[in-house]
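Residues annotated as domain 'N-acetyltransferase' in Swiss-Prot, with sequence analysis given as evidence: 3-152. Residues or ranges marked as acetyl-CoA binding site in Swiss-Prot (evidence: similarity to another entry): 82-84, 89-95, 122-131. Summarising the annotation, Swiss-Prot assigns active site, proton donor to Y129.
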Amino acid sequence: MSINIKAVTDDNRAAILDLHVSQNQLSYIESTKVCLEDAKECHYYKPVGLYYEGDLVGFAMYGLFPEYDEDNKNGRVWLDRFFIDERYQGKGLGKKMLKALIQHLAELYKCKRIYLSIFENNIHAIRLYQRFGFQFNGELDFNGEKVMVKEL
């Protein structure tokens, strides 16, 4: 099983821009076009393509943001955007990619926690995150989404 997390570059940008979620998921996450624009405006964001067996199957965006965190004085590590392309959903890739992303972020940032935010009606995603140990911490982000945190 080959999983790779690759930065968005000129070589894969067009393919990344072609990724999309299903129609019923559009209200939960921004398009890759919007994500890449956000990353251009905010240097904390690191957009990446998610590859399985050489195929681009998803997208994520993460970063170390300069908010106070009791265990990391440099800030909080956020998994800000994450999705599997509609064409690859229902094949267990969400679990595989989330596991790889958690490991990647833990190694990259040497962090003790990973944060994310989610709309409370995104039940499928909440269940996935809970299976991987993410729990609601009582906070809301600036968009009113509920914050979840995973202790590493």
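Each residue, glycine too, has its Cβ placed from N, Cα and C.
Applying an 8 A CB threshold to same-chain residues 6+ apart, the list for F82 (acetyl-CoA binding site) reads G58, F59, A60, M61, M97, L98, L101, L116. In the structure shown, the C-beta of Q89 has more C-beta neighbours within 10 angstroms than that of any other entry among the binding-site residues Q89, Q130. Here the domain 'N-acetyltransferase' (3-152) is broken down by DSSP into helix, strand and coil counts: 47 helix, 50 strand, 53 coil. Of the listed binding-site residues, namely K95, H124, R127, the sparsest CB environment within 10 A is found at R127.
The local packing around the residue listed as 'active site, proton donor', expressed as other Cβ atoms within 10 Å of its Cβ over all shown chains, amounts to 22. Averaged over the domain 'N-acetyltransferase' (3-152), the predicted model has a pLDDT of 92. Between the C-alpha atoms of K95 (acetyl-CoA binding site) and Y129 (active site, proton donor), the distance comes to 9 Å.
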